Amino acid sequence: MLTVHKMHFSIFLLLWGWILSTECRTHRQGKEIHEVYKKGSRPQRQRREAHGEVHKQGSPILKRSPDITKSPLTKSEQLLRIDDHDFSMRPGFGGPAIPVGVDVQVESLDSISEVDMDFTMTLYLRHYWKDERLSFPSTNNQSMTFDGRLVKKIWVPDMFFVHSKRSFIHDTTTDNVMLRVQPDGKVLYSLRVTVTAMCNMDFSRFPLDTQTCSLEIESYAYTEDDLMLYWKNGNDSLKTDERISLSQFLIQEFHTTTKLAFYSSTGWYNRLYINFTLRRHIFFFLLQTYFPATLMVMLSWVSFWIDRRAVPARVPLGITTVLTMSTIITGVNASMPRVSYIKAVDIYLWVSFVFVFLSVLEYAAVNYLTTVQERKERKLRDKPACACSLPQPRPMMVDGSYNDGDVNELGHFMSHEDGDKQDRMMVQLALGSERGSARRKNQRYVSMRIDTHAIDKYSRIIFPGAYILFNLIYWSIFS
């Protein structure tokens, strides 16, 4: 028994020794492999580190300071100390007025409406002021830029557009508002606005007019004692896009002015003006208004060369030109405001309408005179037909047996010596008087025919000459 136990114990010792020797040999081999790997990879790691240093030197992005937003002590509210101040009051409250500079960049003039007397403009409105409450420590003197979320927590100028009808701040994809703060507290506040404002237009020379409109900017709450509003760089504070163009107007000039506005209940306010001058393009109205009206007037003159007896030709021509002129006048006034004064285009169109209407009256006069002439001519043809039934008298000589007392003033033969001679003498005197009256009527008929033809003949010269004279006077005054 004892021998069996000794054998088992010796076997256990042999197994334990073999396991220990195996683990030591494995640990030694792994350590050698790790040292060999370190020795072999050191040049590669050195090359990788050297390559990283070169990349870091070549990339300006990696030179920036680390993201300060990751630090819990550098939030914008804490860095600007927003919670330490009351931003419901203006900077330097109780002291002198705070100067606020303004500059504007006009992006587009969207529309000009004559009917509503307004214009729509899209612009970048920028404000500059200094608020020492927003100053912050900075080692590199770099500014910080924020979006519209911080604007609601600090003081900004309360600007509004005077005489504006509609306005809004663009909000695609977020509110188009930018706030930039310098370490010394200087602030740039910029926003993109579209505004529709009123423009008092004068249409007395329309469409040969030039309009001057203005966009007015003013503080709503702060008078000149609290806020001094001014153009930051004078007239250079207004910039415009060179691609701005309008369909009906040519932009001649943009300029700025500054004035004071007084309100009886609140006081004096600084007001900034963006003035721009617009000159209307005339070519569109030449094609759509002036040229058709001139053609209608010239078309009405065609009736002067048509025979006066061609009533179905001359009457429709005159009526057509009158109705066409009425349509042109109605179309022009439909696109214009109902002003109480006469416009330049009204003068031209109504004078043209008068010329067309007079051409219709001219034919009415010619037709009437022709009708009267034909009626008298018919009467003259009917009267000789009745005298033809009388016997043709032979010419007779009145000898000395008849004296002047035998005939009275009415042409009646008073002698009763011979009845046959008396009858023949009365017939001859009556026919002689009728021939004299017919001859005079024929003379009046010839003269009347000449006057009837002369109306058309003179109209061919008078109407075009008068209209050309009117055009010379019109364009010399309004152009």
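Any Cβ shown, glycine's included, is placed from N, Cα and C.
The feature signal peptide is assigned by TrEMBL to 1-24.
Per TrEMBL, region 'Disordered' is recorded for 38-69.
If you look up TrEMBL, you'll see 46-56 marked as compositional bias 'Basic and acidic residues'.
Taken from TrEMBL, the feature domain 'Neurotransmitter-gated ion-channel ligand-binding' covers 82-281.
Per TrEMBL, the feature transmembrane segment maps to 282-305 (among others). For the transmembrane segment (282-305), same-chain residues at least 6 beyond its ends with a Cβ under 8 Å from one of its own Cβ atoms are 207-208, 248, 313-314, 317-318, 321, 324-325, 328, 332, 345, 348-349, 352, 355-356, 359-360, 362-363, 456, 459-460, 463-464, 467.
The domain 'Neurotransmitter-gated ion-channel transmembrane' feature in TrEMBL is assigned to 289-380.
Annotated transmembrane segment per TrEMBL: 317-335 (among others), in sequence order. Listed by sequence, the residues of this chain that lie at least six past the ends of the transmembrane segment (317-335) yet keep a Cβ under 8 A from its Cβ atoms are 114-115, 289, 292-293, 296-297, 299-300, 302-303, 306, 345-346, 349-350, 352-353, 356-357, 359-360, 363.
Feature annotation from TrEMBL assigns transmembrane segment to 347-369 (among others).
Residues 297-298, 301, 304-305, 347-348, 351-352, 355, 358-359, 362 of the same chain lie 6 or more positions beyond the ends of the transmembrane segment (458-477) yet place their CB under 8 Å from a CB of it. Look at TrEMBL and you will find 458-477 (among others) tagged as transmembrane segment.
Per-residue pLDDT, averaged along the domain 'Neurotransmitter-gated ion-channel ligand-binding' (82-281), amounts to 92 for this model.
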